[in-house]
Amino acid sequence: MKTSSRAFLVISGLLYIVVSYFLCIEPIANLIVYSWLISVAFLINSLAQVVTYFSVSKELRHVSFLLSAVLNVIIAGYFVSVGYIALPIVMPILLGIWLVVEGMFVFAKGLHLKEYVPAVGKASLGFGIISLIFGILVLFNPMATIVAAVYIVAAGFFVDGIYRIIEAVKG
């Protein structure tokens, strides 16, 4: 590995560690920025769901796939346009509601897919139940959920920063 590549890995690793540090110090302070980034990611994922619906064979399509995708696009569009400003306040509650609703859709998809692809159907049923449980937990303690999410993101930055530095040293 070239010296310049190593230097960039070290610099990016150190920047990731610094970002992780600042996320841990003030997890709520930059929540609007995080909310907007999450909204953009949510919109991209929602659009991918719509494209996926129309790209699968007709046998695997179910109305719950399309309803879920359209609902997600509408919510994500609102979040990206103006909702990200109020999102830090309502995001945990909306996340909980979304997890419950999405869990029901995934469960319905699992019931439908179980007939055609049993392994995928059973996995969807399991993920639907898990989503329902997490949604209910989030609804009961929304602020702890958002702080925990920020700490998880910070941990991801920290681990990735350490990994980049190790890659540069290993080089």
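Each residue, glycine too, has its Cβ placed from N, Cα and C.
As recorded in TrEMBL, the features of this protein are as follows:
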- 7-28: transmembrane segment (TRANSMEM)
- 34-56: transmembrane segment (TRANSMEM)
- 63-80: transmembrane segment (TRANSMEM)
- 86-107: transmembrane segment (TRANSMEM)
- 119-140: transmembrane segment (TRANSMEM)
- 146-166: transmembrane segment (TRANSMEM)
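Annotation: stretch 146-166 has the most Cβ pairs under 8 Å to the transmembrane segment (7-28), among 63-80, 86-107, 119-140, 146-166.
For the transmembrane segment (146-166), same-chain residues at least 6 beyond its ends with a Cβ under 8 Å from one of its own Cβ atoms are 9-10, 12-17, 19-21, 23-24, 27-28, 31, 34, 88, 91-92.
Listed as Cβ neighbours of the transmembrane segment (86-107) (distance under 8 Å, sequence separation of 6 or more from its ends, same chain) are residues 28, 31-32, 35-36, 38-39, 64-65, 67-68, 71-72, 75, 79, 124-125, 127-139, 142-143, 145-146.
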